[in-house]
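Per Swiss-Prot, active site, proton acceptor is recorded for D141, and the stated evidence type is sequence analysis. Feature annotation from Swiss-Prot assigns ATP binding site to V26, G27, M28, G29, A30, F31, G32, L33, V34, K49; the stated evidence is sequence analysis. Residues or ranges marked as compositional bias 'Low complexity' in Swiss-Prot: 361-389. Annotated domain 'Protein kinase' per Swiss-Prot: 20-299, in sequence order. What Swiss-Prot records for T171 is phosphothreonine. If you look up Swiss-Prot, you'll see Y173 marked as phosphotyrosine. Swiss-Prot lists 345-400 with the feature region 'Disordered'.
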Amino acid sequence: MADFIRTQIFGTCFEITSRYVDLNPVGMGAFGLVCSARDQLTNQNVAIKKIMKPFSTPVLAKRTYRELKLLKHLRHENLITLSDIFISPLEDIYFVTELLGTDLHRLLTSRPLEHQFIQYFLYQILRGLKYVHSAGVVHRDLKPSNILINENCDLKICDFGLARIQDPQMTGYVSTRYYRAPEIMLTWQKYDVEVDIWSAGCIFAEMLRGKPLFPGKDHVHQFSIITELLGNPPDDVIETIGSENTLNFVKSLPKRERIPLSQKFPNADPDAVDLLEKMLVFDPRKRINAADALAHPYLAPYHEPSDEPVASEKFDWSFNDADLPVDTWKVMMYSEILDFHNVDSSAVEQQQQQPQPPQPQLQQQQQPPQQPQQPQQPQXAQQPVQPVQGDYVPQVAPRS
């Protein structure tokens, strides 16, 4: 049986196996506290997320089970990877994943991003979403703080605690307001993978302008400022509104015409504006999907269809409608953890034997490039709890 060590972090007891040392707080994720640590077995830095009181209610137990199942199933270069999981003697659950140096929120609040970084980050976000959506999963909470980045500009989407089945009748109040798709505000029930594309579009716009595009104070103000830019929703979208109060609110809005995004982003690459126009569309049925967005001319320097994989099978959501007691969820959780430890070593071995796909060239330099045609790059963070800093000057190059 593994030895456990107790440490107090921000007044919270972290009870982890002795394999992990040098704990430092990173921040709060969805329903959990995250710390960085060093894995003595691999000598790699990792992130450890404590799921607080996972068995206190059936709802929390089910949510934790869902996140574990998703982390086990979703394996992609642009998604956070689960490397270990354990239940402590106090019956808290800990997810161990790779540690990246910073997140997109920290980068955006530190300085403007240069064009090639915006382009490469958006490509990786959409590459990850293409895979997630192909598995029948909707992230539902895509935002800059859920997009992790290392010093080599490798990007990974994290925090699948709110992810749900790909289902047009999903319900609930989800996603951070600034990045929330209008169909969520209009109906709160009928939405699908397109909500992630809207969120990615809002993130794309924020990278281009350096601040949120739709900083709503509440959901009414949020929807109002969306219409100030995109105009009133078309009639066929209004017809889908299920709530009478929401319908009356939308009809009461003043008549507004769509403003071309080229006016909002006068200095942006025309291809970037064109792609953004296709992502920020009121009607989710007409919104571009992840696969088509990857093929857009704006992302041509990185687009490689053979290196943009989809899931080999759909995620099994058969448990999602189950209404089970905590003890049953606990047994199911233990079963999943045992299964993870039984199969993970063979999966890693198999992955190591497979040839790695070609990656965009990212070079570590101590000084900016000397060629005049290559602009100086922003430095990426090396520490997860510090503002963006360090000696890295990554050079982003198109695929050869």
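Backbone N, Cα and C define each Cβ position, glycine as well.
Taking CA atoms as the reference points, the residue listed as 'active site, proton acceptor' and M28 (ATP binding site) are 15 Å apart.
Within the model, the domain 'Protein kinase' (20-299) carries an average pLDDT of 89. The Cβ neighbour count for V34 (ATP binding site), using a 10 Å radius and every protein chain shown, is 20.
When the neighbouring Cβ atoms lying within 10 Å are counted for each of the binding-site residues (V26, M28), the highest count belongs to V26.
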